[in-house]
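K.L.:
Features from Swiss-Prot:
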MOD_RES   Ser5  phosphoserine
MOD_RES   Ser61  phosphoserine
MOD_RES   Ser66  phosphoserine
MOD_RES   Ser73  phosphoserine
MOD_RES   Thr113  phosphothreonine
REGION    33-122  region 'Glycogen-binding domain'
Amino acid sequence: ILMDSPEDADLYHSEEIKAPEKEEFLAWQHDLEVNDKASAQARPTVFRWTGGGKEVYLSGSFNNWSKLPLTRSHNNFVAILDLPEGEHQYKFLVDGQWTHDPSEPVVTSQLGTVNNIIQVKK
């Protein structure tokens, strides 16, 4: 004699199994859409070097530390970048020498490297 056991219940209710999978998929899809919108909310962020120099570049965690030339504006050098919200590290390359802006917040790595740090907020 064959009898149904509680463990066999899932075999006969395959529709119930699919429902949570669909709900889970929709939840994932929602999370992805929210993340896309969050990353798309870049904020115009001004970087200014006031320490003089002839050639000034900006490098940071927001551009994989590649050199971005700053534009001379009167006695300063300026760049305006659209950055995603969050914390970013950066420093300046002034006439071939890496430096940070002593008038802005800094963070020191375990290796002793000093970078400026900026919080981009809404």
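Here the Cβ of each residue, glycine as well, is placed from N, Cα and C on the backbone.
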K.L.:
Quick one: what's DSSP say for Ser66 (phosphoserine), helix, strand or coil?
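P.N.:
Reduced to three states, the DSSP call for Ser66 (phosphoserine) is coil.
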K.L.:
Provide, as an integer number of angstrom, the distance between the C-alpha atoms of Ser61 (phosphoserine) and Thr113 (phosphothreonine).
P.N.:
14
K.L.:
Measure from the Cβ of Ser73 (phosphoserine) and count the other Cβ atoms within 10 Å, all protein chains considered.
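P.N.:
Summing over all protein chains shown, Ser73 (phosphoserine) has 10 other Cβ atoms within 10 Å.
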K.L.:
Including all protein chains displayed, how many Cβ atoms other than that of Ser66 (phosphoserine) lie within 10 Å of its Cβ?
P.N.:
10
K.L.:
Ser61, Thr113: which of these modified residues has the highest Cβ count within 10 Å of its own Cβ?
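P.N.:
That would be Ser61, with the most Cβ atoms nearby.
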K.L.:
Could you give me three numbers for the region 'Glycogen-binding domain' (33-122), the DSSP helix, strand and coil residue counts?
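P.N.:
The breakdown for the region 'Glycogen-binding domain' (33-122) reads 11 helix, 49 strand, 30 coil.
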K.L.:
Could you state the CA-to-CA distance between the residue listed as 'phosphothreonine' and Ser66 (phosphoserine) to the nearest Å?
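P.N.:
On Cα coordinates alone, these residues lie 17 Å apart.
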